[in-house]
Amino acid sequence: MELDMETTAASIGVSVAVLRFLLCFVATIPVSFLWRFVPGRLPKHVYSAFSGVLLSYLSFGVSSNLLFLLPMLLGYAAMVLYRPKCGIITFFLSFGYLIGCHVYYMSGDAWKEGGIDATGALMVLTLKVISCAINYNDGLLKEEDLREAQKKNRLIKLPSLIEYLGYCLFCGSHFAGPVFEMKDYLEWTEGKGIWAHSDKGPSPSPYGATLRAIVQAVICMAVYLYLVPYHPLSRFSEPIYQEWGFWRRLSFQYMSGFTARWKYYFIWSISEASIIISGLGFSGWTESSPPKPKWDRAKNVDILGVELAKSSVVLPLVWNIQVSTWLRHYVYERLITKGKKPGFFQLLATQTVSAVWHGLYPGYMLFFVQSALMIAGSRVIYRWEQAIPTNMGLVKKALVFINFAYTLMVLNYSAVGFLVLNLPESLALYGSVYYIGTVVPITLILLSYIIPAKPARSKARKEQ
């Protein structure tokens, strides 16, 4: 069996560990499908937990489940023992544990060399454990003091241990997300909320949406396998890269980021299929007539939305969508002082948390600091565009195009740090294109103080 796996892995150009992970990862689709036929609430929770444990064992070995056990127990203990502060306690304990694992395993190096370990799954688990504790903490607060997301997701009652384990280890999202809320998991398991029988008809069929996600995954993997031989990361360290001129280097950086994204598109498409076929991916009905089912809860990326983004501001809404939502609800919004507007501090703090969540490599830090600058610069261009009077349509369209080109350039420039990870190489590659993706956003931010955007007033208002 091992020999067969070695032969198969060699034929597709991956390690045995990665092949084993991919097989288990794809297996989450049929395993999630079988969840639909498990009778009763308790058996469903047991099935969710057991299937996650089993697939983790088959993919990563016994040690992976031991790795997951500590943060789950710490989070649950905090909820049981000290509810008033269980959210903040769990946040720091879970992130501290994750950081320790990042330092010990240094997974980024393994991933670059084609290896795999359980820290990716631990990253997803960390967000689940924290959100569950924070939402249980929110259950103590007055409803009028809560934001809409807090009202929707807060937990009044402590979940049982088996409910908690089922939520944390549900195989459909265990390996690569998407992250979802404990309250949604409980309502789905119990057939309540949007999963209850309604006048809009019986529970919607997931099979069409699942097939679409699987087809998308196959296309994404095909695109990645086609592009990666032409744009390998090793090219950055080859003499030929240094021989290229500025535009050739910049275009190669763009294509490197573009190529790498298709790997993530594949992973998230498989996760989407797994969540949809289980039924958990259902997120309500459209307002059309007749109403159609929506499956947004499973969606983690909008491929065209990323590649054709008109502004950097929309990227968190279309890339790693559920993690971006988690960061907005559990970091960004909770750093806003009541009665005040959010600013660059909230944005930078959120991006820093995201960087630490990914790992402690300098390349991650550079990427997410760059992301904060990129978004801030894009907002400047957008405000200038909004300040242009409607009768200057050509100028407005030019600024829209500039924002689009700016987003593409800075995103793929910034992604170099995310891909190569180490500090000297990241800085050298940024320097090879004269730090253009850093200089331009900072210049825009500074220009916003010299050329402030004033809202355009209509002619009618001027006459008044």
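Note that the numbers count up from 1, one per residue, in the order the chain is shown.
Any Cβ shown, glycine's included, is placed from N, Cα and C.
Some features that TrEMBL has for this protein:
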TRANSMEM  12-35  transmembrane segment
TRANSMEM  47-74  transmembrane segment
TRANSMEM  86-106  transmembrane segment
TRANSMEM  118-137  transmembrane segment
TRANSMEM  158-176  transmembrane segment
TRANSMEM  209-227  transmembrane segment
TRANSMEM  264-285  transmembrane segment
TRANSMEM  355-377  transmembrane segment
TRANSMEM  398-421  transmembrane segment
TRANSMEM  433-452  transmembrane segment
* Asked: So what's near the transmembrane segment (209-227) in sequence-distant terms, Cβ-Cβ under 8 Å and 6+ beyond its ends?
  -> 29, 255, 258-259, 262-263, 265-266, 269-270, 272-273, 276-277, 281, 293, 295, 298, 303
* Distant-in-sequence neighbours of the transmembrane segment (398-421), which means Cβ under 8 A and at least six residues beyond its ends -> 108-109, 112, 233, 236, 250, 253-254, 256-258, 260, 308-312, 315, 361-367, 370-371, 373-374, 377-378, 381-382, 384-385, 388, 429-430, 433, 436-437, 440-441
* To do: Mind pulling out the one from 12-35, 158-176, 264-285, 355-377, 433-452 with the most Cβ pairs under 8 angstroms to the transmembrane segment (47-74)?
  => 158-176
* To do: Rank 12-35, 355-377, 433-452 by Cβ pairs under 8 Å to the transmembrane segment (118-137) and hand me the top one.
  => 355-377
